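Everything on this sheet refers to the single structure shown next.
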Ligand code: DOR
Ligand code: ZN
């Protein structure tokens, strides 16, 4: 198959940042996806429906002419989030979910939840109103090995949470391990997961063998190849509980190539082609449309898109870098490398 046509895909997990960054990130994402869940980990974070609407307007101001893009917004869960805010989400036109970062887990997560058992009153409202809880599923204790943090989250935080709130609708974001994939498989259809292109295409050897490659560093960190294999299996299985979420997360070249480099891979400009590459390598390109264009919308209770895109099997070289902010550069995921798919 050298050409495939898909319903327009959506990205159910992306970081656009704010201010000048939007000049780069919004056009890149809007050219690829019809809708995107815009993550709220700004400084300061997006904590209320009102703040989310204001952020959405700033995003909309950067959508290129002639392109339709519908940013779907998410609130940032803090220790102070009011249970009343959940009903506001339910009634809002543009806000679809709330994102829980365990405090300290990743970029701009300092205002995240310090102890999930302290916010059960809010989670009760989420379950009641069927508002999705989006999870950065890693524990943050210093003594827990970075490669074990997702598994420990499942055992120590998520399993007890699911026992307490069995009807909770949740997305385990950017899963990286077989344990997370199995957790999703073992629960009913209220429990779903997003998977990034980097976790399908790469493993920790790509990041660490032959020198440290900071542009592969993201959180949760790339795991060993057996986990990559499981993620490929579930993503290409046709199971609607697994869908596309790039976690495209821009950081300038200087911030990545640094003694203390930031976590995040910038995949937005060629995201759908990167996924096509992964699905094709697995011999499952025919399963891309469900993963990229059907299952996320179905989970969120939003209509599927109606327009289509076409991908051709044709080499393209990912640029070495792109302009970012005022005179800075950003290095996209797999920069300088050739992939076999191109979006028309
Ligand atoms: O690698 C990551 N980058 N993981 C996250 O969870 C956050 C993101 C970011 O905002 O840079
Ligand atoms: Zn993210």
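From the backbone N, Cα and C atoms, a Cβ is placed for every residue, glycine too.
Among the candidates 91, 99, 213, the residue that TrEMBL names alongside 136, 174 for the Zn(2+) 2 site is 99. Within 168, 219, 222, the residue that TrEMBL lists together with 15, 16, 17, 41, 136, 251, 263 for binding substrate is 219.
The record from TrEMBL ties 13, 15, 99 to Zn(2+) 1, and of the options 206, 247, 280 it ties 247 to that site too. Closeness to ligand 2 is met by 247, these being the recorded positions among 41, 99, 136, 247, 251 whose Cβ falls under 6 Å from the molecule.
Checking the binding-site residues 13, 17, 41, 99, 219, 263 for a CB within less than 6 Å of any atom of ligand 1 leaves 41, 219, 263, listed in sequence order. Annotated pair residue 174 (Zn(2+) 2 binding site) and residue 99 (Zn(2+) 1 binding site), C-alpha to C-alpha distance, rounded: 13 Å.
Other Cβ atoms within 10 Å of the Cβ of residue 16 (substrate binding site), summed over all protein chains shown, number 25. Across the structure, residue 41 (substrate binding site) and residue 15 (Zn(2+) 1 binding site) place their CA atoms 8 angstrom apart.
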